[in-house]
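These notes concern the structure reproduced below.
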Amino acid sequence: MSREANEISSAPITPRPATVAPNPSVAPQAQVSCPPSQYNSPSLSRSPLLDGASDQQPGAEGAVVAKAPKTPLAIRTPRMSLTPRFITPLGSPVRKALKMTRLDPQDAWLPITESRNGNKYYAAFHTLCSGIGIQALVLPVAFTVLGWAWGVILLTLGFIWQLYTLWLLVHLHENVETGMRYSRYMQLFSLTYGDKIANWLGLFPIMYLSGGTCVALIVIGGSTSKLFYETVCPTCTSKPLTTVEWYLVFTCVAVVLSLLPNLNSIAGVSLIGAITAIGYCTLIWVTSVAEGRLPGVSYDPIRAGTQIARVFGVLNAIGIIAFAFRGHNLILEIQATMPSSEKHPSHVPMWRGVKVSYTLIAVCLFPLAIGGYWAYGHLIPANGGMLPALFQYHSKDVSQSILGLTSLFVVINAACSFQIYGMPMFDDTESKYTSRMKKPVPWWLRCISRAMFGFGVFFFAVAIPFLGSVAGLIGGISLPVTFAYPCFMWIKIHKPKKYSPMWCLNYSLGVLGMILSGFMIAAGVYVVIDTGIKVQFFKPH
């Protein structure tokens with residue numbers, strides 16, 4: 001049986017009478033002209049129909065002559081009972097259908113592609129949970145430097161830009177020419193530019209956006225858990241838990257949730273994460289606006305003393321807006337959980353889910369930025385943004401139940417987001433085992449590896465608490481994953497005509513994204529040199 005036959009599922013063909021070709025040189029029973037439907041839907045049980053070039057001879061008047069089967073009047077195609085559910089029947093023509101369904105057999109063993117029964121609702125849950133987070137609460141800080149006009153303009157342009165690159169990634173997932181489904185961002189980047197360039201330019205930022213985000217989520221989840229406990233029960237115990245102990249409590253919860261086997265299985269977790277993200281964003285900006293502006297609020301843009309400090313201050317503000325948009329490194333992975341065929345490509349339900357989720361993200365981000373800046377102005381805390389401002393200025397004015405609910409939503413969202421951001425790391429770890437052992441990872445080994453990852457991330461969160469001081473520098477390195485690489489990959493794969501509108505648009509955005517990344521890296525280096533880093537190992541704040 002040919003390799004392509006193993007990768008295709010074909011529906012059984014209804015037997016039809018064959019037409020005898022009028023070729024006198026061949027015996028009548030051997031002259032069988034197959035109906036067109038049998039070429040458009042080749043049988044898995046009969047490889048000559050897939051590799052039929054060597055078994056067919058031209059007959060008279062263009063008729064096709066095949067070797068005589070055991071039953072001369074009909075060709076039967078039994079159904080394959082072991083065909084995976086996620087492979088769909090063939091369409092027409094044969095070659096195109098064969099290409100569109102070519103899959104890596106190891107995908108059925110890995111957590112991202114283990115289950116391919118996702119839909120537009122799952123896509124919306126995952127995209128919303130991964131696309132909005134605590135970084136959105138810092139958006140008003142950018143407005144203190146940019147002001148009203150430039151703040152709103154750059155936030156709008158950034159949202160449109162990242163939504164466009166998201167559209168590119170969704171449509172790059174399936175390549176009709178090569179027949180491949182690019183189920184991972186790193187896989188697409190590597191096959192586009194080669195392993196060497198991918199390892200140099202793509203490996204670190206993509207892995208950082210997964211592993212580094214998990215470290216940040218433990219810090220946020222652990223510290224907010226402590227804040228929640230102190231809010232709802234300030235006198236429950238004479239000896240409260242330390243910050244490190246709260247990190248550990250949060251990590252244990254995240255590790256337990258991480259034992260869910262694959263990306264589709266955490267759809268419910270992502271739904272809870274999406275609801276809580278919308279919940280705490282709405283609670284924070286509504287409460288802040290309802291309480292009114294603080295006395296002495298000013299909306300004049302903050303200006304640094306020196307010219308170079310002003311330039312880097314503006315760059316830092318642009319970086320805050322750029323970093324508010326996340327999740328592009330997970331889009332291909334989310335789309336990989338969907339079934340796909342020539343007639344029903346996965347990009348259709350995926351884009352429907354993305355449109356719904358990013359509508360809700362816009363409903364959260366813009367009120368947070370505009371309402372938060374209106375309420376706090378230049379008084380908003382630079383470290384943390386809206387959440388510290390809510391507790392700092394309204395802890396005595398707002399009900400403790402509102403403050404406690406907001407903190408609880410942040411904790412739940414961090415625990416849920418940990419799962420989807422950790423999934424690429426789980427997938428990469430397990431792929432090393434499956435490629436070497438040629439079999440799926442046992443359940444007990446999967447549990448051990450994921451627990452080791454979770455507590456390894458906890459170790460980094462505790463051991464290197466100053467990682468946030470270089471977040472701007474590392475974020476600048478990771479910026480092209482969202483704003484530049486998708487544009488260049490579209491040009492490389494689809495090869496639009498040079499200087500055509502699509503070529504100019506993608507090339508311009510890609511170059512602009514790389515320039516912006518360079519400026520962000522320079523600004524991050526300047527901040528590190530100017531302010532310094534207080535290195536304190538194993539002493540989290």
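Cβ atoms are placed via backbone N, Cα and C, with glycine included.
In TrEMBL, annotation is done automatically, which means it is predicted and not curated.
Since we're looking at a predicted model, the values are computed, not measured.
According to TrEMBL, the protein has these features:
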type	residues	note
REGION	1-63	region 'Disordered'
COMPBIAS	26-46	compositional bias 'Polar residues'
TRANSMEM	121-142	transmembrane segment
DOMAIN	121-529	domain 'Amino acid transporter transmembrane'
TRANSMEM	148-170	transmembrane segment
TRANSMEM	200-224	transmembrane segment
TRANSMEM	244-260	transmembrane segment
TRANSMEM	267-287	transmembrane segment
TRANSMEM	307-325	transmembrane segment
TRANSMEM	356-376	transmembrane segment
TRANSMEM	402-422	transmembrane segment
TRANSMEM	443-464	transmembrane segment
TRANSMEM	470-491	transmembrane segment
TRANSMEM	503-529	transmembrane segment
Seg_contact(the transmembrane segment (503-529), the transmembrane segment (307-325)) with at least 3 CB pairs under 8 angstroms, min sep 6: yes
Per Cβ pairs under 8 Å, the stretch of 121-142, 148-170, 307-325, 443-464 packing most closely against the transmembrane segment (267-287): 121-142
Remote residues contacting the transmembrane segment (307-325) - C-beta distance under 8 A, at least 6 residues beyond either end: 131, 135-136, 138-139, 141-146, 151, 154-155, 158-159, 162, 365, 472, 475-476, 479, 482-483, 516, 519-520, 522-523, 526-527, 530
Tertiary contacts of the transmembrane segment (200-224), as residues 6+ beyond its ends and Cβ separation under 8 Å: 134, 185-186, 189-190, 193, 243, 246-251, 254, 326, 329, 387, 407, 410-411, 414-415, 417-418, 421-422, 424-425, 428, 457-458, 460-461, 465, 467-468, 471, 474, 477-478, 480-481, 485, 540
Cβ-Cβ under 8 Å with the transmembrane segment (148-170): same-chain residues at least 6 beyond its ends: 139, 142, 185, 299, 317-318, 321-322, 324-325, 328, 331-332, 335, 347, 350-351, 354, 358, 362, 365-366, 369-370, 373, 482-483, 486-487, 489-490, 506, 509
Tertiary contacts of the transmembrane segment (356-376), as residues 6+ beyond its ends and Cβ separation under 8 Å: 120, 123-125, 127-128, 131-132, 136-137, 139-140, 142-144, 148, 151-152, 155, 159, 163, 166, 274, 277-278, 281-282, 284-286, 288-289, 291-294, 297, 299, 324, 385-386, 389, 393
Folded-back contacts onto the transmembrane segment (121-142), same chain, C-beta under 8 angstroms, at least six residues removed: 151, 154-155, 216, 220, 263-264, 267-271, 273-274, 277-278, 281, 284, 317-318, 320-321, 323-327, 330-331, 334-335, 337-338, 349-350, 352-354, 356-358, 360-361, 364-365, 368-369, 372-373, 376, 380, 382, 384-387, 410, 413-414, 416-417, 420-421
